[in-house]
Each structure stands twice: as C-alpha cells, then as structure tokens.
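Novice: So that we are looking at the same thing, I have put the structure below in structure tokens.
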Amino acid sequence: MLQSLAGSSCVRLVERHRSARCFGFLVLGYLLYLVFGAVVFSSVELPYEDLLRQELRKLKRRFLEEHECLSEQQLEQFLGRVLEASNYGVSVLSNASGNWNWDFTSALFFASTVLSTTGYGHTVPLSDGGKAFCIIYSVIGIPFTLLFLTAVVQRITVHVTRRPVLYFHIRWGFSKQVVAIVHAVLLGFVTVSCFFFIPAAVFSVLEDDWNFLESFYFCFISLSTIGLGDYVPGEGYNQKFRELYKIGITCYLLLGLIAMLVVLETFCELHELKKFRKMFYVKKDKDEDQVHIIEHDQLSFSSITDQAAGMKEDQKQNEPFVATQSSACMDGPANH
C-alpha cells in the first residue's frame, strides 16, 4: 500500500513539473511571437511613416510660402484644433460636414461597438455626461453582452455542431473524432465565406475608396473585435441610405461575432485541441488521489488504534489470569 502511494505521488509530481515546463515554453513562445510582430510591423510601416512625415513637411513649407501673411504658429494652432476635432469624429472638410455622428443610427452603431468591445474610436463621447454614461453603460452592458453571447452560442452549438457530429457517428458509424474535425473545417469555411469574402465584396462596391483587400481587412478587424478604426463604413460623402446602411452594419457585426464564436467553440471542442490545451494547465486533483490521501490517513490512524486496542485486549486477557492465580493461591493455604 505504501509503495503504491509513493508511486502515485511520484507520478503526480512528474506531471506537475511537466505542466510547469510546458507553461514556461508557452510564455516564452508568446513573448517571442510578440517581439516578432513588433519587428515585422516596424520594418514594414516605419518607411511609410517616414515618407508621410516628409510629405507633410514639404506641404506645410509650400503652404507657408504661398501664404506669407500666415505665421507658422497660427497654422499649427489651426491644425491642432482640426486634429483634435477629428479625434472626436468631427471633420471640417466640406464633403464630410453633412454626416452626423450622434443621430440615432450612428448612436446605435456606437453602442454595438462598445458592448462588443470592438471600439473603432472614430466616434467618442464629447461631453462629460456622455463619458460618465459610457462608463456605467459599459460596466453593465459588457457582462450582459457576454452572458447573451454565451447563451446564444451554446444553443447554436448544440444544433449546429454536436447533433450533426453525433448523427454521423451513430447513424453511419464514422469515427467521432474524424467527423468532428471534418465538420469544424467545413463550418469554418462556410463562416469565412459568408462573413468575410461575401461582405468584403459588398463593401468594396458600396464604399468608393475601398478595394477588396481593405474591405476584407475591415471585416477581419471588426469580427475579431480588434477595431482599429482606420476603416469605418458609412462615413463617405453623400452615402445613400446611410441610416439603413448603419443598421445593416450593426446587424452584420452582431451576427458575425456570434458566428465567429460558434466556430471557435466548435474547434475548442475537438479532442486533439483539448488534449493540447491540457498540456499548459495546472493538473487538477483527481478523486482517486483524494481517496488515496484519505486511505493513507485512515491507515495511519487505524494502525495506531489497532495497536492501542491490542494492548487493551492483552491487559484484559492477563488480568483474569492473574486474578485467578492469586485467588487460587489464597484458597490453597485456607484449604490446607
């Protein structure tokens, strides 16, 4: 018994060290991937930033030369105010002055981006009251949204993922793991087609300044809740049916986010991925381990109690024998 307990303890110790080692490699790999992304982005984007800075300096110098009555300080003050307004989603350009950022449809689009944590950043609250309400609204709304999405995804996953896999497994006798992998791949392909490629083609037509790559980039940035805000639909000059367009985009973002979560949940339920994820988790104490601990404690306690009981039995057995001998000795002389 003690050898089996010691052996199981050694196995648990080895598994815990292996999990810690795998977790260390995971942290190191993530940091290296983070550094790799920084190196690539810096090497690709830094030359374009430098060219843009040079172009702006030349444009500013040429403008001051053509307008000698305007000082550089006045120009910088004007540009600073324009950029500040632009950060709040207000543009001074004549072709963009007709679009309001806080009509009902735009506010509905903003609320959806806040609750989904996408947050494009092109429109932000201007007043202190709006900022305070945004904090309170988000504190309540984001957990509410997570609860809503979790419930919806769970119900959809049952009908879209689990039942089809079980049907093919039971009805046709296919391997459950193989069916799950094929189903996950097909579901991912359908989702990418319906929520990335087709909407990207639609956006490239509806948005004048967007090509297909930029439209696909917007779809990915939006449905992955990154929301950089460099591309926002419905902000063009004289956008036709802008209110209806904004409502359609809001519905697309909500449905697309649900579809993405369903696909992720489907892939996470794959046996291979579950096994891979467990490599980095802390091993839970199994019931049998707790039983072994209890049995070990009971073994130690019972051995002590057994020894004590044995000593008491010996005392009980010896006491009558001694008493009988003593009484016999006393009766002997009396009889004599």
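Heads up, the Cβ atoms here are built off N, Cα and C, so glycines get one too.
Remember, predicted model here, so these are calculated numbers, not experimental data.
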Novice: Is it the same side of the membrane for LEU126 and LYS274, going by what Swiss-Prot records?
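Specialist: No, Swiss-Prot places LEU126 and LYS274 on opposite sides of the membrane.
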Novice: Out of 41-47, 209-215, 293-299, let me know the one Swiss-Prot marks region 'Important for intracellular retention in recycling endosomes'.
Specialist: 293-299
Novice: Could you check which of 57-62, 117-122, 159-164 is flagged in Swiss-Prot as region 'Selectivity filter 1'?
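Specialist: Based on what Swiss-Prot states, region 'Selectivity filter 1' spans 117-122.
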Novice: Validating a neighbour-count step here. Other CB atoms within 10 A of the CB of LYS274 (SUMO cross-link): how many?
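Specialist: LYS274 (SUMO cross-link) is surrounded by 10 other Cβ atoms within 10 Å.
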Novice: Looking only at residues six or more beyond either end of the transmembrane segment (244-267), which have a C-beta under 8 A from one in the stretch?
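Specialist: Contacts with the transmembrane segment (244-267): 105-106, 108-109, 112-113, 116, 118, 149, 152-153, 156-157, 160-161, 183-184, 187-188, 191, 194-195, 199, 206, 219, 222-225, 233-234, 273.
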Novice: Which residues, given as numbers and ranges, are at least 6 beyond the ends of the topological domain 'Cytoplasmic' (157-181) yet have a Cβ under 8 Å from it?
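Specialist: Hits for the topological domain 'Cytoplasmic' (157-181): 187, 262, 265-266, 269-272.
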